[in-house]
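Written out below as structure tokens is the structure these notes cover.
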Amino acid sequence: MLCSPVFQPSLSIPFAFNMPVRSLWPENRPIFIQMENESLRQMEELKRRVEFIDQVHQVLLKEVMNTDSATELSDSKSPSYKLEKDGNCFCLMLDTKDFLPEELTVKQVGRKLLVSGKHEKKDEARNGSYSYKYQEFRQELELPEDVKPDAVTCSFSNGQLQIEVPSLALPAVTERTVPINTSPAMKTQQERSAEEQE
């Protein structure tokens, strides 16, 4: 087969290295650099957006926490109470003026009293809007040792929940003189150590 000398490989090495190589396609290096720059720009934009979303999230979280803590402080605080103790009775009075008697519960577990209350109120206005109020509290109290835990009584009057527990009757104290024994069986520490050394 006859070949044109143009397509035959050159046998001289210097000629092969000096010949420039030409591509039929356009040069691709600028395209890849442009794609890399565009990817970096998009990554930076995405990073800025994520930081912005995080800042918005933090602001919303603070708003929600402030709202929740404000409602907790105003609506779910435990009622004030007064504790009285005289010789015959242990008395606890809780200010529960915002609650009805049927909204209060008192449970006893051993020497612990669990007092709780739950109040819901919905007021509707003429224009169709309404307000909703929810209050709840839980209080745990320990009964003293010198009361009868089986005799707990509760009463409700004028917005006050009163819990009473009678005190235990203490036995009468009698007076007596305790004799002092002076038998030789009792030895001091020095006498015992002297006997052991002998």
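Note: Cβ is positioned from N, Cα and C throughout, glycine not excepted.
Unlike curated entries, TrEMBL annotations are predicted automatically.
Looking up the ranges 115-135, 178-198 in TrEMBL, the one annotated as region 'Disordered' turns out to be 178-198. Residues in the domain 'SHSP' (72-183) partition by DSSP class (helix H, G, I; strand E, B; coil) as 10 helix, 58 strand, 44 coil.
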